[in-house]
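Here the structure comes first, spelled out in structure tokens, and everything after it is commentary.
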Amino acid sequence: MSLTLLILQILNGLQLGVILFLIAAGLTLVFGVMGFINLAHGVQYMLGAYLAVFLYGLTGNFVAALVLALPLALLLGLLLEFLVFRHLYDRDHLSQVLATFGVILFLNELMKMLFGPATLSVPPPEFLNFSFKLVDGLLYPAYKLAVIVAGLLVALGLWLVITRTRIGMLIRAGATTPDMVSALGVDVRRLFLCVFGFGAMLAGFAGVMAAPIFAVEPGMGDNLLIVAFVVIIIGGAGSIRGAFVAALLVGLVDTLGRMLVIDGLRLIMNPSAANQVGPAISSMLIYVLMALVLFWRPQGLFAPKAAR
Amino acid sequence: MSEQTKPDSRAASATAMPLIVTLVLFAALALIPLLATFYGGGWLTSLAVRAMLLAIAAISLDLLIGHGGLVSFGHSAFIAIGAYTCGIMITEGVDEIALILPVAMAVAGGFALVSGAISLRTSGVSFIMITLAFGQMVYFALGSLAQYGADDGLTLWAAPGFLGGKWLASDIGVYVTVLLLLIGTWALVHRITGSRFGRVLRAARQNPVRVASMGYPVRRYQLAAYCIAGIIASVAGVMWAVQFAFVSPSLSAWQSSGDLIVMVILGGMASRNGALIGALCFILIEESLSAITNDWRLIFGPFLVLIALYARGGLAGLLDRMRGPQ
């Protein structure tokens, strides 16, 4: 394995990790603060990507599409909360799984109907449409680096909001002892709505950022959602810091593991067999990681109480 | 099950009425091959077989979800394990169902024992997620079987024999076998849930600490239920491979596990016919909606939301309420 390939894979891993973090951040808050399993959170990511496609077609400008997509993603999130999710907070996990599963089916199909089943894409913005030369013989698209930087900035901003502001304090308190927060006179429902809309917007942001990189298609959020759940289980539900560490960890394990497993298998079997078996085994790595974490530390690496 | 030994909630309300519903359902299923000679033909019987196989898996899942309170989000992995065991053995030249079935059950049981022992260390949401993780592992592991079709799936070129005979080579033979397996599964699961074992399982769902303090090894009971459910689902998987002569990793995709959960809830958890009705209705709704429009999920999705929000006890609960208060 060459050094350039390693650098490339680390960057790809970071990029996946950052997108995972943007999805997992909202999910972990919704899950940690409200105890609500939202399978439909991946759909918010898909909606973000489709909004990018739609608005780019309308304006012809990626930045304008991004700016317009964020409030729309927020609105769609609040709409879903109002129509469906708020009736589910005090129900058992099973009803939540069923209802949000239904929302996934509906929205995936709706996107398929509105935009067709084919994969779509959005070109990256003009001013980022060039490549960096990292080392000799390795060009890396500036847009992908911009995604990593943007994700890290959002993470920083989120950390400031959570640790330095009043609403952040309420969210932290809500994640550990929601009943006590409610007893102290905080309108928990409104706090939930706030967290929910914000989480939906972050997932939408991830979708817009992902639109030029990944294929935009119905169901694109489903598999990432499962991985985002892996992230919040590893990180500890309700902990932004845990989600951040776990998202980068999962992103790196997934991309680096892909390469290392295939290289490792080549040592013990012939190359063509290794190329076939490798990807599947490396896809299992993050689930093995999650099973190990759940086994040794069921509350996750950074459970909310330990998070500060 | 004996009538005097079931003092607990749901099973106690089992009067003669649900039994009649069951008999009607089984009789209707038995008549479908006859109906198929007039209308639908092979399409109808193959649809009914699919519904019955999913019903077998859903009934076994209800043992976990409804009775045990163990929400497994990876149950379709066991269907896939059964299907792949069958597919691989036939590809390797072992085409005797009397050999395939025990091997598939042993493989599924072994996997259930290991994954269950690990998963049951957790509970609640963590249990949902860790079973999901195991399901995903099976999904990717099956996709890595390069010599058995990898991601594209595996086509079975021959039907297995039954004790040397050609019973399973005919459509009607498969149909009757699957129907008998469904009836057998239904009877077995209700025998289990009506037994002392089932009562411990249900009690542990409500208050595990108290059951443990009464001296029952709760986790061992739950593990046993997990293994039983997995083995039953693997039988459905074997017959799936026989019926459709094709297996693919997507059998264990997480959406398939989600479908199974939907069936159980749709029908009504921990009721005599819930999972059976749920699976049959799921297929019925899917087929009739997709006959109306290509975008049938636009209707089915909101329908699931409404079921989750308003229909407590699922369709079986609805049937109970139609009979009025007792």
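The first residue you see is number 1, and the count goes up from there.
The backbone N, Cα and C atoms fix where each Cβ goes, glycine too.
According to TrEMBL, the transmembrane segment annotation covers A:6-29 (among others).
Long-range contacts of the transmembrane segment (A:36-56) within the same chain: residues 23, 26-27, 30, 62, 64-66, 68-69, 72-73, 76-77, 80, 85, 88-89, 93, 96-97, 100-101, 103-104, 107-108, 111, 114-115, 120-122, 199-200, 203-208, 210-211, 214, 216, 218-226, 228, each at least 6 residues beyond the stretch ends and with a Cβ under 8 Å from a Cβ of the stretch. Taken from TrEMBL, the feature transmembrane segment applies to A:36-56 (among others).
Marked as transmembrane segment by TrEMBL: A:62-85 (among others).
Residues or ranges marked as transmembrane segment in TrEMBL: A:97-120 (among others).
Annotation comment: TrEMBL describes A:140-162 (among others) as transmembrane segment. Listed by sequence, the residues of this chain that lie at least six past the ends of the transmembrane segment (A:140-162) yet keep a Cβ under 8 A from its Cβ atoms are 8, 11-12, 14-15, 17-19, 21-22, 25, 124-125, 128-132, 134, 168, 171-172, 202, 205, 209-210, 212-213, 240-241, 244.
For A:191-214 (among others), the entry in TrEMBL reads transmembrane segment.
For A:226-256 (among others), the entry in TrEMBL reads transmembrane segment.
If you look up TrEMBL, you'll see A:277-296 (among others) marked as transmembrane segment. Remote same-chain residues near the transmembrane segment (A:277-296) are listed as 227, 230, 233-234, 249-250, 253-254, 257-258, 260-262, 265, 269 (criterion: CB distance under 8 Å, separation of at least six residues from the stretch ends).
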Whether the transmembrane segment (A:62-85) meets the transmembrane segment (A:191-214): three or more C-beta pairs under 8 angstroms: yes
Same-chain residue ranges lying at least 6 outside the transmembrane segment (A:97-120) that approach it to Cβ under 8 Å: 37-40, 42-43, 46-47, 50, 53-54, 80, 84-85, 88, 215-219, 222
Long-range environment of the transmembrane segment (A:6-29) - Cβ separation under 8 angstroms, sequence gap at least 6: 38, 41-42, 44-45, 134-135, 138, 140, 144-145, 147-148, 150-152, 154-155, 158, 171, 175, 195-196, 198-203, 205-206, 209-210, 213, 221, 224-225, 227-229, 231-232, 235, 237-240, 242-244, 246-256, 258-259
